[in-house]
Amino acid sequence: MEVKDIDNYCDRGISPNASNYLTYPFDGLCLQKFFYQLQTSLRRFTPYEEIIYTTVYIIISVAAVIGNGLVIMAVVRKKTMRTNRNVLILNLALSNLILAITNIPFLWLPSIDFEFPYSRFFCKFANVLPGSNIYCSTLTISVMAIDRYYSVKKLKIASNRKQCFHAVLVSLAIWIVSFILSLPLLLYYETSMLYVMREIRVVDQSGQEVIRSYGWRQCRLVSAGRLPDITQSIQLLMSILQVAFLYIVPLFVLSIFNVKLTRFLKTNANKMSKTRAPPKRFDRSDSHHNSLKNNNNHTSSLRSPSMPSIRSSITERNKTNQRTNRTTSLLIAMAGSYAALWFPFTLITFLIDFELIINQDYVNLVERIDQTCKMVSMLSICVNPFLYGFLNTNFRHEFSDIYYRYIRCETKSQPAGRFHHDVSSIAHHRQDSVYNDEATLLTTGRQSNGKDGSSSPIGFRSSVRVCSGQTKMIGDRIVLDDDIEKDSFV
């Protein structure tokens, strides 16, 4: 602002034609009040809107801290939960937890006021830390989708320390890639002063004449030492990276591998139905005629427990279809929730960075839409622990144990048939397959036992701990009904 503009708000009582008009000091108290009013008028949101946004962000952050904290605690406190799949879930929960903690102080509060309240270090830190955690979260979800597909298809056991170490290495690689993607935020974001009144002579409260400047410190992509075109190119590059790795790549991976997994499960459900087809009906006339000759032998063969009835076959087929439909719905929810939560933020950020919304009449509206889209995308840190943790039965058992132990201060009685099993594509592939396309479940069991088909194969028992439950076919392997019930591959 020019001196004559400031003089309209803080009149010094001197004629503009005076020789000392430019150097005559202003009243310091008047300038301070004027600057405060100007700063208040430039606040992006009204007090009512600030209360609403702050309340919603607090609810999101608290819910995310509780949900992701429970997931982390469930994996860390017991060795049986430290599997390859759970290491990836732990990595996702850790990134979401950090984002929940840093959301309000580093993302929301600086956006309320026109001035950035922190130092140069926190200007970089406040952008790099949330940015790298968002990238880590989305990349982990992508890796989990790939791992989930190959886990179910090949049934790779993941429980020992060496195999979990591979998952830890994958998680570290995800963090490194996330930091590299956030590196432009560290290099090019700086604090800069936006001055309103610079080097103005004022008289302070003690009556001394001093020189002061009034302005706001802002954290932004600065062009100091660089041409404006280069700064704009850097901004566009960061926007393209954000759209690609925060939305397009994760959504593409989720869609492709979840569709492949859904088709795989439906195909094997059909194979299972054919394998469990009811036997050929027995002719009553022949039965009656033969029973007169050899009643005891044929009666025992007809009532043999190894021959499933038509009713039990239909029941098992319906259960299989229900499990497949439930899993399909969960996979659709994973991809759909990600697409719905991140699309508004990705779209509005892309439009703002490429200056496709430059109408000054709608600046306030764009500010509110942008903040609302950010708030919607932050809901993912609450949804992720629910989709990847609470819908897993093994995690629910651990959450129940944590509740009884630390809230009710008592020990929960463990069910007799509790089952801990996990599969992961990061683990080494088992060479001793238990099932092939030419063999049925019954013949496989007979070959392994040599006497009856009710025993499980020896190789399968050595790799998986079974408490109870019948076996089911998935692809060219055998998994458990209880495993499918617990959604351990999801």
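Using the three backbone atoms N, Cα and C, a Cβ is placed for every residue, glycine included.
Taking the topological domains listed in Swiss-Prot, Arg43 lies on the same side of the membrane as Ile357. Noted from Swiss-Prot: of Asn17, Asn297, the annotation N-linked glycosylation site belongs to Asn17.
By the Cβ criterion (under 8 Å, sequence separation of 6 or more), the transmembrane segment (56-76) is not in contact with the transmembrane segment (237-257), since fewer than 3 such pairs are found. Distant neighbours of the transmembrane segment (332-352): 138, 141, 145, 239, 242-243, 246-247, 250-251, 254-255, 258, 366, 369-370, 372-374, 376-377, 379-380, 383, 387; these residues of the same chain sit at least 6 beyond its ends, with a Cβ under 8 Å from one of its Cβ atoms. Applying DSSP to the topological domain 'Extracellular' (108-125) sorts its residues as follows: 11 helix, 0 strand, 7 coil. Of all Cβ atoms in the shown protein chains, 6 besides its own fall within 10 Å of the Cβ of Asn17 (N-linked glycosylation site). Only pairs six or more apart in sequence are counted, and the transmembrane segment (237-257) with the transmembrane segment (87-107) gives fewer than three Cβ pairs under 8 Å, not enough to call it a contact. The average pLDDT for the topological domain 'Cytoplasmic' (77-86) in the predicted structure is 87.
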